[in-house]
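Here is the structure we will look at, set down as structure tokens.
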């Protein structure tokens, strides 16, 4: 959970309660409860909807007397923060991680006047409905997965779900009492992808430190981490926007299902994804993305020509360390960001 970044300019308090300058001062502080797990079930007729979150709440108080004096009178206990997660989920339900985080953060500021800042972190557990193909008898040959992009609502189960950890949906919300703007940052973590062709890397710096040859056709694999900040939280559909960003990343990486898309570098694919997000979702002000290059090297069959004659373009050695790391942040001009 990211700590609140702003530092207080208040002077330190002495042990007798009087504020006095010390040689040292606390420049940042806060506390909270992490890893609060909650499952919410919406039961509207026979069709149930679930949301499972892992929530962290951190508060920053105006006072530092709990640190300087051991005076706990302003502390909203972390156990109380944990209970608040469950109570607000029961009272208001859960629509999206971002809206629930906004609800929690605003609640802490409204209820406790001595809270200066609230920061809420939410991670979503990726449940999807079981589809009809998965509930049939196990005589069908295949991987047993359902193509969620090609099924209609009639084939989705009303109340049974399957855990599908393709990528993590998370958000961070920071609400400061003195700042009218609510900071909402949403992210994708751990989106692992691979394509077997249409990736090249050529014409890079050629000097005495280079050993890598030009690669005109290589395996391209990465694990995408991406986060973006909203400039407008009133008009955006958070869940739809998250899915749009994910789809944009996959489309720029993979291209058309039949012919694919050429990638001259990880950098170019990353930039095209970020640019399209800003083009398509006007509420996003800035987006940051990291794409580590997960290497797959050809197994050298030259010493084994009597066993496997010819070239090898089928067997590869996965190498996770060391790996390249490519990242960039793309922003609309003249906008401030907390990313």
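Cβ atoms are placed via backbone N, Cα and C, with glycine included.
Of all Cβ atoms in the protein chains displayed, 20 besides its own lie within 10 Å of the Cβ of residue 33 (active site, charge relay system). Secondary structure from DSSP puts residue 33 (active site, charge relay system) in a beta strand. Taken from Swiss-Prot, the feature active site, charge relay system applies to 33 (among others), supported by similarity to another entry.
In the shown protein chains, 16 other C-beta atoms lie within 10 A of the C-beta of residue 78 (active site, charge relay system). The annotation active site, charge relay system is assigned in Swiss-Prot to 78 (among others).
What Swiss-Prot lists as urate binding site is 78, 79, 201, 218, 266, 267, 293. Non-local neighbourhood of residue 266 (urate binding site): 220, 222, 291, 293, 324, 326, each in the same chain, at least six residues away, with C-beta under 8 Å from its C-beta.
Annotation source Swiss-Prot lists active site, charge relay system at 295 (among others), citing similarity to another entry. Shown in sequence order, 221, 318, 319, 320, 323, 324 are the residues of the chain, 6+ apart in sequence, with a C-beta less than 8 angstroms from the C-beta of residue 295 (active site, charge relay system).
Of all residue pairs in the urate-binding list (78, 79, 201, 218, 266, 267, 293), the one with the greatest Cα separation is 53 Å apart.
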